[in-house]
Amino acid sequence: MGNFIQGCKDYFSQQKNTNIRLTLPVVCFVWQIAMIILFGVFIRYDEESDTHWVETKAHDNITSDIENDFYFRYPSFQDVHVMIFVGFGFLMTFLKRYSFGAVGFNFLIASFGLQWALLMQGWFHSLDPQTGKIFIGVESLINADFCVAGCLIAYGAVLGKVSPVQLLVMTLFGVTLFAVEEYIILNLLHARDAGGSMVIHTFGGYYGLTISWVLYRPNLHQSKRMQGSVYHSDIFAMIGTLFLWMFWPSFNSAITDHGDGQHRAVINTYLCLASTVLTTVAISSFSQKTGKLDMVHIQNSTLAGGVALGTAAEFMISPYGALIVGFLCGIISTMGYIFISPFLEKTLKIQDTCGIHNLHAMPGVIGGIVGAITAAAASESVYGKHALINTFDFTGDFKDRTVLTQGGYQAAGMCVSIVFGVAGGAIVGSILKLPIWGDPADENCFDDEVYWELPDEEEEHQESIPPILEYNNHMIHKRQDLSESNFSVEHCES
């Protein structure tokens, strides 16, 4: 038995081989060919994107192409698409030597993930039982982007510590788990979650955190020199923040009902985000005796309000209610970066590179709670009888559901997303821990040179790069910053 255990230890601790010349091309080619075959078998245009749209218009007495769903949904789709590829990608460029990996691997897994998501979500939500086909339109593309967002959130927890092959495997399983938990929450429990506080952010957050916990690196301090930012990398990350911040109202309203529901979701998210910024700046400044702002907080915590309002965005939460949610999220998220992230790494052994627990996981749970309370408190006097039925879709098998029952199912949906994130992350993390994926050694983490060809001047002048801004580390704060903080370390540990 002892020899077996020692053999396992030796197997998992063998020297890292980061040469992915064979594995990455094989995985990309095989999976893309598989997508082509599966799309050929299952995927077809829906009636609004098919050439038979002309006949559909005549049959349904539609007089103008403007009634095609494309013209209603495409602006929101484009905003969401920019968030996925530009917003998430650039938000993760804060590391001084991992910008290629942040944007490039974000591009890679999003491009694969959206194809797999169209299939998985199609099989669960829109498979025609008569033809066995999946009919897709512009709303399908939005939902696929939403699915990919969960995987990109998870990527933030393991940024710089995994290989592109591991990321593709993580995305394959992540999209699959997402489709299942989304079906359970939205279809079986009939919870409402237009902006994905539960389905996207809570699941993606805990999925990534659990994978990071399984892949814990006790010697990650060997790459400490890379675990920080330089001035220009923070500016690039701030570009991602601004794109996400500007387009988050579209994210939360993209698949809501036509008319007042979408209008209300935009207003609520707009106000919530604005409130979050002021609170984040206040807490960031107050936490330091010098009153200086921490760029980590400004890049990330300012977005937490958009995450937290995702579930309740289309509800009658009222404008001042949206401001309250943003106010609370700014406090909780910023305090999370100051106290909870160091605790997670030191005590729970969770190395959260981008601090997704503070930007996605915690605000996602807050969003689930806000959604449950708001749903349970809904009334005909506020919504109107028909609007109440329309907002919560109390039709068909759910026509007799009360608002209190709906609130309970909203809370149940949040629990489902956490369970899927943690359980799925544990299983997938165990698979990714196998020493066959070409992941970097501890001393080479957070360095683009492992997987990317870098410009000659970068290689020649690597040693002359300005010192990193160590305070911009999403996992651990610099000791002197904590010692100069208005919040004591003793209070943090208590």
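A Cβ is built for glycine as well, from the same backbone N, Cα and C atoms used for every other residue.
Annotated features in Swiss-Prot:
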TOPO_DOM  1-22  topological domain 'Cytoplasmic'
TRANSMEM  23-43  transmembrane segment
TOPO_DOM  44-74  topological domain 'Extracellular'
CARBOHYD  Asn61  N-linked glycosylation site
TRANSMEM  75-95  transmembrane segment
TOPO_DOM  96-99  topological domain 'Cytoplasmic'
TRANSMEM  100-120  transmembrane segment
TOPO_DOM  121-133  topological domain 'Extracellular'
TRANSMEM  134-154  transmembrane segment
TOPO_DOM  155-166  topological domain 'Cytoplasmic'
TRANSMEM  167-187  transmembrane segment
TOPO_DOM  188-194  topological domain 'Extracellular'
TRANSMEM  195-215  transmembrane segment
TOPO_DOM  216-234  topological domain 'Cytoplasmic'
TRANSMEM  235-255  transmembrane segment
TOPO_DOM  256-265  topological domain 'Extracellular'
TRANSMEM  266-286  transmembrane segment
TOPO_DOM  287-297  topological domain 'Cytoplasmic'
TRANSMEM  298-318  transmembrane segment
TRANSMEM  320-340  transmembrane segment
TOPO_DOM  341-358  topological domain 'Cytoplasmic'
TRANSMEM  359-379  transmembrane segment
TOPO_DOM  380-411  topological domain 'Extracellular'
TRANSMEM  412-432  transmembrane segment
TOPO_DOM  433-494  topological domain 'Cytoplasmic'
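Per-residue confidence over the topological domain 'Extracellular' (380-411) averages out at a pLDDT of 95. The stretches the transmembrane segment (100-120) and the transmembrane segment (167-187) meet in space: the count of Cβ pairs below 8 angstroms, excluding pairs fewer than 6 apart in sequence, reaches at least three. Using DSSP to sort the residues of the topological domain 'Extracellular' (380-411) gives these counts of helix, strand and coil: 24 helix, 0 strand, 8 coil. Sequence-distant contacts of the topological domain 'Cytoplasmic' (155-166) (same chain, six or more residues past either end, CB-CB distance under 8 Å): 18, 20, 23-24, 27, 92, 95, 98, 101-102, 105-106, 108-109, 205, 208-209, 211-212, 215, 217, 220, 226, 350-356, 359-360, 432, 437-440, 445-447, 451. Scored on C-beta pairs under 8 angstroms, the neighbour of the transmembrane segment (266-286) with the top count among 75-95, 167-187, 235-255, 298-318 is 298-318. Counted over residue pairs separated by six or more positions, the transmembrane segment (298-318) shares fewer than 3 Cβ pairs under 8 angstroms with the transmembrane segment (134-154), which leaves the two as not touching. Cβ contacts within 10 Å of Asn61 (N-linked glycosylation site), excluding its own Cβ and spanning all protein chains shown: 6.
In this chain, the transmembrane segment (195-215) lies in contact with the transmembrane segment (134-154); the count of Cβ pairs under 8 Å, excluding pairs fewer than 6 apart in sequence, is at least 3.
Residue counts for the topological domain 'Extracellular' (121-133) by DSSP state, with H, G and I taken as helix and E and B as strand, are 6 helix, 1 strand, 6 coil. The stretches the transmembrane segment (359-379) and the transmembrane segment (195-215) meet in space: the count of Cβ pairs below 8 angstroms, excluding pairs fewer than 6 apart in sequence, reaches at least three. The residue listed as 'N-linked glycosylation site' carries neither a helix nor a strand DSSP state and counts as coil.
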